[in-house]
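Notes for the one structure printed next.
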Amino acid sequence: MTNLAPKIKLSNGQEMPVLGLGTWKSFESEAYQSTKNAIDTGYRHIDTAFVYENEQEVGQAVREKIAEGVIKREEIFITTKLGGIHHDPELVERAFRLSLSNLGLEYIDLYLMHLPIGQKFHNDSNVHGTLELTDVDYLDTWREMEKLVDLGLARGIGLSNFNAAQTERVLANCRIKPVVNQVECHPGFQQQKLREHAKQHGLVICAYCPLARPQPARQWPAFIYDEQAQQLAKKYGRSTAQICLRYLIQIGVVPLPKSSNKTRIEENFKVFDFELSAEDVRAMEGYHTGQRTVPFSGMSGHKYYPFNDEF
């Protein structure tokens, strides 16, 4: 019997596994193979996005595992995201159906607005858009996402890269509440205030780049490479990455580590049979530098740019 991750209950009653596979920068055959490896390992939560250009491969892997009888559709939690080029209200449902068709599934568990900022639409194949930004109000985009829940196509909807004020604006004007905010979060960028704010408002924080995209040549970040991190790993008989993922889970964050390496995919999942002491959690808190690895700096002049606020 494959060991599975515990689940966290979202505000709409959905249950989400507390660890997922991230697929950003997993291209084509790599995304297909890593999704299959992850499901075999026990992952039941896969995170993709329209702009990752790998929904088809992720979907194919999921459908094959369903066909093999490894999983049932209702046993796996699939997240994808609305790209910036599709923020215009009249484009939202079509964009969603494009993702659904890419994945080859009947419904999506969670559909996120990837950013609060819209980009000019040229055509669907220009997935990353350009830095021609639009002034589409994300509330108008959100209202169209709510309709996807009405249609039974998305079970839940949520946000990504929203700050606290933007989140509150959605909450104050929505009919269907966002259940998560997916943001960059790791020991070097802990999002403490945003986490507290999310908790007060019933949102779960999911973490992309939970290991901060390590750079071995630079021995960066410290929480993966420095002496204290090595000692902590040694104490628990784990890797520094496992300590980091365990830390995030213990502070209530759902990490989405990306890997295409089978051994690392397996290693990242082995974080449910140990617990960090309160003292070691505090040690991990000491790694906060406030440095983002994904600042979306090309959008920093936009009125909806989320990262000018403190949180």
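Backbone N, Cα and C define each Cβ position, glycine as well.
Because TrEMBL annotations are produced automatically, they should be read as predictions rather than curated entries.
TrEMBL lists 19-285 with the feature domain 'NADP-dependent oxidoreductase'.
Cβ neighbours of Y52 (active site, proton donor) (same chain, under 8 Å, six or more residues apart in sequence): T23, W24, K25, S26, A31. Under the heading active site, proton donor, TrEMBL lists Y52.
Other C-beta atoms found within 10 angstroms of the C-beta of K81 (site 'Lowers pKa of active site Tyr') number 27, with every protein chain shown included. TrEMBL lists K81 with the feature site 'Lowers pKa of active site Tyr'.
Per TrEMBL, the feature substrate binding site maps to H114.
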List every residue in the same chain as H114 (substrate binding site), at least 6 positions away in sequence, whose Cβ is under 8 Å from its Cβ.
A49, F50, V51, K81, L82, G83, G84, S160, N161
